[in-house]
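See below for the structure under consideration.
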Amino acid sequence: MECCRRATPGTLLLFLAFLLLSSRTARSEEDRDGLWDAWGPWSECSRTCGGGASYSLRRCLSSQSCEGRNIRYRTCSNVDCPPEAGDFRAQQCSAHNDVKHHGQFYEWLPVSNDPDNPCSLKCQAKGTTLVVELAPKVLDGTRCYTESLDMCISGLCQIVGCDHQLGSTAKEDNCGVCNGDGSTCRLVRGQYKSQLSATKLDDTVVAIPYGSRHIRLVLKGPDHLYLETKTLQGAKGENSLSSAGTFLVDNSSVDFQKLPDKEILRMAGPLTADFIVKIRNLGPTDSTVQFIFYQPIIHRWRETDFFPCSATCGGGYQLTSAECYDLRSNRVVADQYCHYYPENIKPKPKLQECNLDPCPASDGYKQIMPYDLYHPLPRWEATPWTACSSSCGGGIQSRAVSCVEEDIQGHVTSVEEWKCMYTPKMPIAQPCNIFDCPKWLAQEWSPCTVTCGQGLRYRVVLCIDHRGMHTGGCSPKTKPHIKEECIIPTPCYKPKEKLPVEAKLPWYKQAQELEEGAAVSEEPSFIPDAWSACTVTCGVGTQVRIVRCQVLLSFSQSVADLPVDECEGPKPASQRACYAGPCHGEIPEFSPDGTDGLFGGLQDFDELYDWEYEGFTKCSESCGGGVQEAVVSCLNKQSREPADENLCVTNRRPPQLLKSCNLDPCPARWEIGKWSPCSLTCGVGLQTRDVFCSHLLSREMNETVILADELCHQPKPSTVQACNRFNCPPAWYPAQWQLCSRTCGGGVQKREVLCKQRMADGSFLELPETFCSASKPASQQACKKDDCPSEWLLSEWTECSTSCGEGTQTRSAICRKVLKTGISTVVNSTLCPPLPFSSSIRPCMLATCARPGRPSTKHSPHIAAARKVYIQTRRQRKLHFVVGGSAYLLPKTAVVLRCPARRFRKQLITWEKDGRHLASSAHVTVAPFGYLKIHRLQPSDAGVYTCSAGPAREQFVIKLLAGGRKLGARPLSPRSGEEAPAQDSAERNASSEEDRAAEQALLHLPFALVAEQRRLDDILRNLSQQPEELRDLHSKHLVAQLAQEIFRRPAERPDALPKASARGAPAAAPPPKHVSGFSGALRTPPSSAGEAGPGSRRPQRKPSILRKISAAQQLSASEVVTHLGQTVALASGTLSVLLHCEAVGHPRPTISWARNGEEVQFGDRILLQPDDSLQILAPVEADVGFYTCNATNILGYDSVSIAVTLAGKPLVKTSRMTVVNTEKPDITVDIGSTIKTVQGVNVTINCQVAGVPEAEVTWFRNKSKLGFPYPLHEGSLLLTNVSSSDQGLYSCRAANVRGELTESTQLLILDPPQVPTQLEDIRALLSATGPNLPSVLTSPLGTQLVLDPGNSALLGCPIKGHPVPNITWFHGGQPVASVTGLTHHILAAGQILHVANLSGGSQGEFSCLAQNEAGMLMQKATVVIQDYWWSVDRLATCSASCGNRGVQQPRLRCLLNSTEVSPAHCAGKARPAVQPIACNRRDCPSRWMVTSWSACTRSCGGGVQTRRVTCQKLKASGISTPVSNDMCTQLAKRPVDTQACNQQLCVEWAFSSWGQCNGPCIGPHLAVQHRQVFCQTRDGITLPSEQCSALPRPVSTQNCWTEACSVHWRVSLWTLCTATCGNYGFQSRRVECVHVRTNKAVPEHLCSWGPRPANWQRCNITPCENMECRDTTRYCEKVKQLKLCQLSQFKSRCCGTCGKA
């Protein structure tokens, strides 16, 4: 709070003395008489802030009164008060709050802006209407008015300007700049109309940037305004403008008024933040907002200080520059920001001399930067064009162009041309006067001068220039004659005249006058003036005229007079006789001789005035037939001046004479439509218009025909043009949305939104966001608004379950789902994928536990597993098992699995099934203490169960016996869709008998059999490989025999099995000893399996080979007997191998054998036994392989293989065939084959392996191991829906302990021939093969190519496929090679067919056939040989609708296959002769005919011109006759015959007398003097100069002699050089302008008429020894900043810095 000072008695006296002063100003005055003492010191300021007053006193030293004032004032403390200081007038009012007024205390508030006494302290009691003057004067420095800088001093209001000076009238401009010109801001005015809706309740009206002033917005309508702000520091705010009044928003004063129908918002400014004015939708109707404010130009040019001097001594130079400055951020920005404002004018650099002191003598460099580097660049300069070499018909004019350079004094010198080559050189020659030369034009002959016999006729011959104007300049030698004889065939009835009768005066005079007319040309010629008036008023007198020899100067377009002898030819007469009529009624007497001498025997003296023809009017039409009318005027026969028509005898007026003109049909011309609206409102848009070539057939019928563009010879007007080429206002330009931040559950995607301005050249200028007033589009939005799939959310791991040793850690898991709203919710755990055990429990290891008395030992968890195999033989409700083995169980059995863990907490045991975490459910119970219960086994329960106790894991495998008898493993089923035929009765009997035996055996077995796993491998494999139709038959036997095999004691023999199973041994070939009874029991006698009794009828049945289980082979056995499906390992002691093959079927199958796919060749060593068994004696290594038994009958076949290996080494069944598939959806091959197939096929590659022990199969693709997701099944690899990415080499590796073997299959994906989607390659190939040849691409549907005879063409066959298709070309269904008369070449591997010299026989269909292993594709194209011919068609429209000139031209068309084409195609064909046919030869309807307008009666000041309007009727004979005006009035309105002309004022140039000779010097003793030249009317009224621009302007300057210009340049001696070597040595001298007589220096501009001598020059230009690259001046950073490094002078001087640039 500012302190209030009390006035002392001394100051009151001073104030009283001040009141006596008459002036309001406080400015001190100068001493008038020296009686005053000096002014005293300034007093303390009346205020500490906000603007106060200070005074100074002086005393009068005289005993009398002194004139003037003894006190003066000034302002002080002109800094703004802090916001908390409050109002100064309010402080003074509040000082009276503790003083009673009429016995009562009040809280006083200030009353401001009192118009009567603004400097009294008036206050109002708060809450009342009481206003009291508490003091007659406010303290000094108090503002008179709230909105003014004027302040009260000693009770009087003193004027204070914006410069805070008393008495100053300086005012702030609209931008807030004191005494400013308003150039630092711009007026923004606009209107906003709301377009709000229920979904868009708010909108932005306008953004008002920081620093704006004088803001006013008026809203009209039901809506409401509110404000949003953003400070420069980024702080945002909002004000709802809920109530009217004046308040602060971000330290800016806001005045808001709310009226019933509108809102008014005012802000004086300057704004301290960016204000965004918004509108809120409150009513059903739209609102409008008008706004106006002054926006500061925040980017302005700022002139820099002078750069350092270019030299430290001896005279240097320094420059300024300009930089663009951002007033908001107080930093320098790129120049483009300042270029945005047209008001910004970049300051030009300033140059000044510096460091002019001479340098001390020294060697080496001086710090110098030659100033001439700032000179303008060299430029081209041209002399004026020379005169044209020809005045017409096309000439040439030239000029000299040279490269010049200007130094700092403005002296221009010529330099080498290469210095200017950075810009194009100006042309040195150009054509000129390309218009046609004038030529003679003869008019039609007049009627003969006689009506019978021989007479004369005349015609008018005019010299017409290229503009159609009558001028001079034609050669007299080529002028056509104007007179000739004529004979009228009518005989005369009087003596025939010997000589032709001369023409009457009008025709002869017309020809004579037109002949005498001459115009000034570029050749010297005689130019006569008009004849003077006759010297007498009656009788015979004389006329004179002036004849000059003149020439036209083409360069200045002025006329010059020449001596007479410069003009060739006879000089026209300058005097002639004239007759002015008879005097005082006397009858003229004349003799024929005298008459002939005076008038040439041609003139009658009957009348002084007579009618005459004066040429013809301008043709009414430029083409298509127009009319010209002979101009008839009443003339004075002597003076040849036009006279009033009343002076001529009306009945002697010659008849109206019309002639047709411009009868040629109108040429084709361009018809132009209107421009379309511009495509863009700013920037640079495009406009289009229709332009077409048309031809006017008949003007009468107004019939127009549209033609091809080629028929219009003029250049076609453009159909497109740029428009709206001005800068757009800044606007928001959003970029593309980025990817969503989440894939589901509601994410966010962002984009960049920039404020840009589209410039007039189409480019974009990026601007700060404050430049865009519209609301900014959203830069982010929600996306992926759909629910996420459920997922596990895991907690943190718990602490280790033990404090030492090994323990476990657990963590909980909840099933979570992220909804589309982004909210997470917990859902049922069944909705989440199975959770692996390792995800929820893990072991942990701490320090080893120490037991008292003995060292600690580490014990990890252990599971006591039982390595057993369980086979369920009959139904039972529940079975208990221990993990570690496997079980083959019947469905609907309850199973309890126990996991006996040691050294582990039973509660932490977890279970998994097939690798997935197992949790309790209605079907499976995970019990504590390591138990798992499965209620009623289902097929889906088969799998691998794993129990985990920390790091210890054990498995248990459960498989189901299907139907109570079959194993649950997946069998190799026969082909689907084939039903097994019913068993015959013998088989049925045998089967039932065996079933009973097997069931009897099972009765004596326990509920489940237990065996070691190794002993069951081969047995179970054979069990799973039984054919579908035999499984039910033998499953009971298998289980029973399996049980017997497992539980027999070692002492038991094979023949101890029940007899029910022993009767299967054949009688003919009893099994050897080494064959176990288990396998022997599976055999069926051939009589029961394959044959029927004689009298029985058995149903037919396809073959089926019995799969039997043999005993395990002993490698030491010398004889090996086995069944199919087994593996035989040849050892060194093997002497014989017997392979059994038994098959059933009806008819009985035929057995054949093959090895590795090839038929077995029987011999001494390889024998076929009677039971179809195959025996190999003394096997060798060559016998190794897969032996296949094939059983065949008429219903089908069956085959089973058995492998024979060498000492158990791996063996792979292979095939070496190539399989090509183009149709089947599935193919199966053995490894080793080559597969070629189309895409989308399921491919199965079998890898059947054998070996002892069984070999493990591993698959590879392109030598890389295959893993997921390729499905493998029993060694086979299944590739589903193969594509080109599956192509490769697939390898199967079989390995066991005895070795390994790898076989491979190559998979090739075939791509049938097809048309590629992209044709650019084939088109480029066609273009490269024959750039100028016509070409066409074939297609499956066919294409067409039309050619001329004899042409060549390229046909392309676009094709793709794998392997690359082979292409064959056909013509007319035959291969092109066999077509006679067809010249062709096949190129580009068949893709292109080049056919040459095509004729009619060559046309037709060409086709290309593309083939590969995957298929074929035929494409075709038709070649048509065209021919052109002329056709005479219907007649064209008549050229006229009436009269005698109507003709019809038969239409001649160029046809191609009955289609009209351009006539250019028929240029070589014979054109038929066509003759025009007369048409429409009938009388025309009456119509108005008008003549050309007459000359204006006055050349200026307003005149009148007339023309003749007559009603004419054109007859069929071609004669036009006048008719009654009424006949035309019925058809058309009568044209006007009078109009005003030459309305412009009559003006002339006027000038003053010459002024004094004191202008600029232009030479020795020569200066320039001036005079005023102005335009005025003839009445003396001054007009703008433009009004007289058509008249030659008098000169306003001329040279004059003056002594003041007797000056010249004087130079001193050169200074020492600034460098001893290098390229930058420099020396200077003094150059000054001095007067010749006084030898005194005068201003240099007086010598500017002569070149100023150079005041500096280079010196000591020799290389220095030290040539290293380094900076040799300290100003190199400035050089780099000014981008001067490309100049060689700087580049070498600042070598180091510029090298880094």
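Just so it is clear, glycine is given a Cβ too, placed from its N, Cα and C backbone atoms.
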According to the record in TrEMBL, which candidate from CYS45, CYS119, CYS123 pairs with CYS76 in a disulphide? CYS45
CYS4, CYS81, CYS93 - which one TrEMBL pairs with CYS49 by disulfide: CYS81
From disulfide-bonded residues CYS49, CYS60, CYS66, the one whose Cα lies nearest CYS76 (disulfide bond): CYS49
In this structure, the one of the disulfide-bonded residues CYS45, CYS60, CYS66, CYS76, CYS81 whose CB has the fewest other CB atoms within 10 Å is CYS60
Specify the count of other C-beta atoms within 10 Å of the C-beta of CYS49 (disulfide bond). 16
Would you mind reading off the Cα separation of CYS60 (disulfide bond) from CYS81 (disulfide bond), to the nearest angstrom? 38
Minimum Cα separation from CYS66 (disulfide bond), reported as the residue among disulfide-bonded residues CYS45, CYS49, CYS81 that achieves it: CYS45
Looking only at the domain 'Ig-like' (1225-1308), report the model's average pLDDT. 86
Cα-Cα separation of CYS81 (disulfide bond) and CYS45 (disulfide bond), in Å? 14
